[in-house]
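Lifted from Swiss-Prot, the feature list:
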DOMAIN    3-192  domain 'Glutamine amidotransferase type-1'
ACT_SITE  Cys80  active site, nucleophile
ACT_SITE  His166  active site
ACT_SITE  Glu168  active site
DOMAIN    193-388  domain 'GMPS ATP-PPase'
BINDING   Ser220, Gly221, Gly222, Val223, Asp224, Ser225, Ser226  ATP binding site
Amino acid sequence: MKTVVVLDYGSQYTQLIVRRVREKGYYAELLPWDAKEEEVKRLNPTAIILSGGPSSVYEKDAPFVPEYVLHLNIPILGICYGLQALVHKFGGRVEKSQKREFGHAILEVEEDPLFEGLPKKFDVWMSHSDRVEKLPEGFYVIGRSENSPFAAIRNKNETIYGVQFHPEVTHTQFGSKILENFVSKIAKMEKNWEMKDFVSEKIKEIKGIVGNDKVILGLSGGVDSSVVAMLLHKAIGDNLVPVFVDTGLLRLNEGEEVKENFERLGIKIFVVDAKKRFLDALKDVEDPEEKRKIIGHTFIDVFYETSMQLLEEFGNIKYLAQGTLYPDIIESKVSERKSAAKIKTHHNVGGLPEKLPFKIIEPLRYLFKDEVRKIGEILELPQSMINRHPFPGPGLAVRIIGKVTEEAISILQKADYIFIEELKKNNLYDKVWQAFAVFLPIKSVGVMGDYRTYENVIALRAVNSFDGMTADWSKLPHEFLNKVAKRIINEVKGVNRVVYDITSKPPATIEWE
């Protein structure tokens, strides 16, 4: 398959470039900027995009444009740092700008295939402190802004382009169109990426790999593992062995709902009741990182033991399926960089492959979350499963601040249920990206009737986001929040105060722990 190869120079927006190109119907993949020539050639590249990044071309050990990229004889587009790296490579001059350009700017463009179908002036998003001061020989200006006289450039052959702004972010008007013009008009690539084609090809591929053997899958009920389950079920039917571990840290009635949902879809799941084991392991633990590690290790132990029992029962389980997504693959590579700062330990089953005697199948490893949801629709999963809000791997343990107790779990489950139920009743659930309740480690004084109370506090959190990388707090109606708070205080024993979290990400993370 022909591929647009995006080389990653460290920008926080790099994944968005791949997503925007795919959204337009062209297959794209992301590789580190210093990927070997063979890695790039293996993807059958039809165009190269150099991402932005935080470096300066004059820094020691600054990332550069690999020589082989220029010898592939395919179109190249440099974005922000990618533009500066190209200019530097060809002998132009890049310098520190006296005025850092960050945020909106008006771009004025010349007539060019890159801007075909666009107005003469439009808004773009800038984020740079260096800027191009002199073009290399054979390059021309095709776009400028007030502070960037060389905001868009190309060479005379119309094969090498550079833009100082970020077409991949939604703040840039017509950004997706610019990327599409580069791929379709300059690289002359034909559309080759549709989800329904992916589904039929993936089912065929799984059949070919697995044959008559069985595949075990750790099922959470979330969209990723549910889509993996449906793909596998379409491919191998009852040779799928889905295992659902009930940690006791799930939402109210969630275990029963997952079982019923999959039974309706004709998929039998194996439920493991491990509630006591997880609660015992978490006894008196308050540190969020420690909670995550304990839950991760306990999950691995439970899943390992269950897998061995099922292997003994069925005999021919040869594969372990995982719901790994493309961002997971990218982040695992990024985490190897010295500059990558760990914010939280991610809960996953990464320790499983080494312990289990199975080969790994990751049907979604090159997909983004929005693409997974599209596959869910093609496979006719219920909308309630496809549009389910994200839920952390460690479950309610990281929504209970402090010690995890049976009482705290019970209170939080009921409060969270009321919040979600009211969001759905008021047609607000699908308008927020994620919503949940948090159990706080404090008590507050209250009055109920003629009596003083001293009870627990619940925080409500709802955010709007595109991909979870950044998020704004949701401006839910005051009347709605008032109703939810009243219901929680009246219906959940042990709560006398409800607060609403109005912090965006950054500076906060979406989850409290």
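The backbone N, Cα and C atoms fix where each Cβ goes, glycine too.
Cα of Ser226 (ATP binding site) to Cα of Glu168 (active site): a span of 30 Å. For Ser225 (ATP binding site), applying a Cβ distance below 8 Å and a minimum sequence separation of six or more within one chain yields Leu217, Gly218, Leu219, Gly323. Summarising model confidence by region, the domain 'Glutamine amidotransferase type-1' (3-192) averages a pLDDT of 93. Between the listed binding-site residues, namely Gly221, Gly222, the fewest other CB atoms within 10 angstroms of a CB are found at Gly222.
Under DSSP, Ser225 (ATP binding site) is assigned to a helix (H, G or I) in the three-state scheme. Note on proximity: of the active-site residues Cys80, His166, Glu168, the one nearest Val223 (ATP binding site) is Glu168, by Cα distance. Neighbour counts of Cβ atoms within 10 Å were compared across the recorded positions Glu168, Asp224; the minimum falls on Asp224. On the backbone, the CA of Ser220 (ATP binding site) and the CA of Glu168 (active site) stand 32 Å apart.
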